[in-house]
Amino acid sequence: MTDVAATDPSVPALARLTVLAGPTAVGKGTVVAELRRRHPNLFVSISATTRQPRPGEVDGVHYHFVSDEDFDSLVASGQMLEWALVHGVHRYGTPRGPVQDRLNAGCPALLEIDLAGARQVRRAMPEARLVFLAPPSWDELVRRLIGRGTEDAQERERRLTTARTELDAAGEFDHVVINDTVASATAELERLMGLSS
């Protein structure tokens, strides 16, 4: 595990991109929501997607909803920092421009993405800080996934199979944060990002 910016004085601590990834149901969204509550001006990238909005989702707030043709154009022109086909149906990705604008302004930026996206960001921006959010135990991860009640048994099993692969990749990240409580995980992420609490 290397932390390029920790040893490179030309990369300001606060102007770094932090990538948060981890397995399903580990609590990434909950930790990011708490971080945003504590730091309302923190830039958290909004993903682009080719899927249709779900009830209550707002374009430009939850996602940037784009057509397949527009997504193709973003990819072809190099405007996506990372992207992936999810569940073989819809594409999701991180627009490069808003992230780069924040970093150029000397402001920290946060991405909440999956393992494949984190790997793409590592290749595109080796100076990015990759943080893996891990559960306190496998049993706790299973409990959280079942407790959500949003997946049927087959989908839960698929997600848990993927989670095992993701957990095995934790060593690829610069830092591992255990999400035993939202407060402690958020505090550790704040510390890593150089944010005052």
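A Cβ is built for glycine as well, from the same backbone N, Cα and C atoms used for every other residue.
Copied over from TrEMBL, here are the features:
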type	residues	note
BINDING	Gly22, Pro23, Thr24, Ala25, Val26, Gly27, Lys28, Gly29	ATP binding site
DOMAIN	15-194	domain 'Guanylate kinase-like'
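Mapped onto this structure are the features recorded in TrEMBL.
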residue	record	contacts (Cβ under 8 Å, 6+ apart)
Gly22	ATP binding site	Lys28, Phe132, Leu133, Ala134, Glu166, Asn179
Pro23	ATP binding site	Ala134, Pro135, Leu141, Thr162, Ala163, Glu166, Leu167
Thr24	ATP binding site	Leu145, Arg159, Leu160, Thr162, Ala163, Glu166
Ala25	ATP binding site	Pro135, Leu141, Arg144, Leu145, Arg148, Arg159, Ala163
Val26	ATP binding site	Leu133, Ala134, Pro135, Leu141, Arg144, Asn179
Gly27	ATP binding site	Leu133, Pro135, Arg144, Asn179, Val182, Ala185
Gly29	ATP binding site	Glu112
Note on ATP: the CB centroid of Gly22, Pro23, Thr24, Ala25, Val26, Gly27, Lys28, Gly29 has further same-chain residues inside 8 Å, namely Leu133, Pro135, Leu141, Arg144, Asn179
Please report the three-state DSSP label of Lys28 (ATP binding site).
helix
Structural state of Pro23 (ATP binding site), classified by DSSP into three states:
coil
Which value does the mean pLDDT take for the domain 'Guanylate kinase-like' (15-194) in this predicted structure?
93
